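Listed in Swiss-Prot:
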{"type": "BINDING", "residues": "Gly178, Gly179, Ala180, Gly181, Val182, Gly183, Lys184, Thr185", "note": "ATP binding site"}
Amino acid sequence: MAENQANAAADEAAEPIVGHVTRIQGSVIDVEFPVGHMPDIYNALTVEIKQMGQQEEGEVKDSVITLEVEQHLGDSTARCVALKSTDGLVRGAIVHDTGGPIEVPVGDVTKGHVFDVSGHILNKKPGEKIVIKERWPIHRNPPAFDQLESKTQMFETGIKVIDLLTPYVQGGKIGLFGGAGVGKTVLIQEMIQRVAQNHGGVSVFAGVGERTREGNDLIGEMDEAGVLEKTALVFGQMDEQPGTRLRVPLTALTMAEYFRDVQNQDVLLFIDNIFRFTQAGSEVSTLLGRMPSAVGYQPNLADEMGSLQERITSTRGHSITSLQAIYVPADDYTDPAPATTFAHLDATTELSRDIASRGIYPAVDPLASTSRILDPRYVGQAHYDCANRVKAILQRNKELQDIIALIGIDELGEEDKTTVNRARKIEQFLGQNFYVAEKFTGVPGSYVPAEETIEAFTRICDGVYDNVPEQAFSGIGGIEDLEKKWHKMQKEYGD
C-alpha cells in the first residue's frame with residue numbers, strides 16, 4: 001500500500017501544474033490554480049493563444065506567452081506579469097507552470113547572438129544549427145561573502161579624461177550619467193570596441209528600454225568591427241512590455257555570471273539604460289496595485305536596484321565589470337532613480353550638456369565625475385598629484401568665469417591669466433577622437449596609455465606647452481599627436 005501511495009505521489013509530482021486565466025488587465029494576468037498547487041514567486045508560466053494567420057491561407061497559428069508570478073492572492077490565485085503582448089489572450093485559457101524561473105542559454109553559444117528576455121535567439125541565420133547545452137535561471141543569489149575578491153585594480157580604457165580623473169575599477173560598477181543626447185550610448189559603444197581590441201575579454205550587452213534603431217545600429221557596427229563574435233547581446237527595447245524591460249538586465253547578468261564562474265573569464269557587462277530598468281519597475285509596480293513612493297516610483301526601488309547590483313561583483317580571480325548608462329530626467333540628479341543608483345557605483349562619469357555644446361567629446365564633466373580609486377594607494381602618487389593639479393586649475397578657471405564676463409580676461413593678474421589659458425588647453429585636451437565616430441569625423445580613433453596621459457597633463461600644468469595655441473589641443477590623442485598638430489600649424493601659418 002505504501003508503494004502505491006509513493007507511486008501516486010510520484011505521478012502527481014510528474015504531472016505539470018495547470019491553471020486557468022481568471023482576469024486580464026493589460027499585461028497583468030491573474031491565474032487560478034488547484035488548491036495546494038500554487039507556483040512559487042518568480043516562476044515562469046506559459047499560456048498558448050490562438051492567432052489567425054494570413055487571410056488567404058486561413059491557417060491558425062499558436063503563440064506562447066511567458067508570464068512571471070509576482071504575487072500570491074487569496075483563493076489559490078497568482079498575479080502574473082506578461083513578458084509579451086497579451087493580444088488574443090482570453091479568460092479561461094490554460095496556463096502551465098514550468099516549475100522554476102525563466103531559464104536562459106549560457107556559455108559559448110551566446111557569443112555572437114542576440115537574445116530576448118526569455119533566451120530566444122533573434123539573429124539565427126537560415127540553416128544555422130545551434131546546440132544549447134546548458135540553461136541557468138535568471139533569478140540567482142549574489143556570491144557568498146567569502147567568495148568576493150578584495151583586490152582593487154584600475155581598468156585602463158585608453159580614454160584620457162576617464163583614466164586621469166575618474167579611473168574605472170576592474171570588477172567595479174561604473175555609471176555614465178547624463179541627459180538626453182549628450183553621448184552615453186556612444187561612450188558605451190566605444191568601450192565595447194576598446195575592450196574587444198585591447199583586452200580580448202568577453203562582453204555582454206543589455207539593451208533596456210532604448211531605441212530599436214540604436215540596437216540595430218549597434219549590432220551592425222559590432223559585426224563590421226569584428227567584435228560581435230566575442231559579445232552576447234540581450235534586448236528588451238522601448239516597444240516591449242514593462243515586465244520584459246524589468247528582466248532584461250537579469251538575463252544579461254546571468255550570461256555574464258556563467259563566463260565568470262564557470263569559464264573563469266573577466267567579463268564586461270554593459271547596460272543601456274539602467275533608468276529604463278527603474279522605469280519598468282515603476283510601471284510593473286503600478287500595474288500590480290502597489291502604493292507609489294516618492295515622485296511616483298515603486299516603493300521597493302532600493303530593493304530592486306540592490307538585487308541587480310549586488311550580483312555584479314568580482315569573485316576570487318575573476319570579475320564582472322559593469323558600465324551602466326543612466327539617463328537623468330530633466331538633468332535632475334536628485335531624482336530618486338539616479339540617486340538610488342549612486343550608492344552602488346565605484347566610479348561616476350557625468351556627461352555635461354555645456355561641454356557637449358562646445359564640441360568637446362566625450363563630454364565628461366571633469367569636476368563632477370568621481371572615482372573611489374583616485375587615491376595614491378591604488379593609482380600611485382604621480383597619478384593622484386596630476387589629477388589634483390588638473391582639477392585645481394579647472395576649478396580656479398570656473399571661479400574666474402564671472403569676473404571675466406564682467407571685466408574681461410585682460411584685467412586679470414598674470415597668474416590668473418596663465419591659469420585660464422592652461423585650463424582652456426586642458427579642457428580641449430580632455431576631448432578625444434573615438435573609433436566608433438571615425439566614419440562621421442574622418443579622424444582615426446586613438447588609444448592613450450594612462451602613463452602617457454599623466455605625463456602629458458603634468459607637462460601642461462608645468463607650463464611646458466604655454467606657447468602652443470589652444471587649437472592644437474582639440475580632437476587629438478596623446479603627446480605625439482599634439483606635437484604633430486603643432487608642427488603642422490606652424491608650417492601652415494608660420495612661426
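Just so it is clear, glycine is given a Cβ too, placed from its N, Cα and C backbone atoms.
Bear in mind that the values here come from a model prediction, so they are computed numbers and not experimental data.
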| request: Report, as a single number, how many Cβ atoms besides its own are within 10 Å of the Cβ of Ala180 (ATP binding site). | output: 11
| query | Which one, from the binding-site residues Gly181, Val182, Lys184, Thr185, has the smallest tally of other C-beta atoms lying within 10 Å of its C-beta? | reply | Gly181
| request: Counting Cβ neighbours within 10 Å across all chains shown, tell me which of the binding-site residues Gly178, Gly179, Gly183 comes out on top. | output: Gly178
| request: For the recorded ATP site, enumerate neighbouring residues of the same chain (Cβ within 8 Å of the Cβ centroid of Gly178, Gly179, Ala180, Gly181, Val182, Gly183, Lys184, Thr185, site residues themselves excluded), in sequence order. | output: Tyr327, Leu351, Ala356
| Local backbone state of Thr185 (ATP binding site), from DSSP in three classes | helix
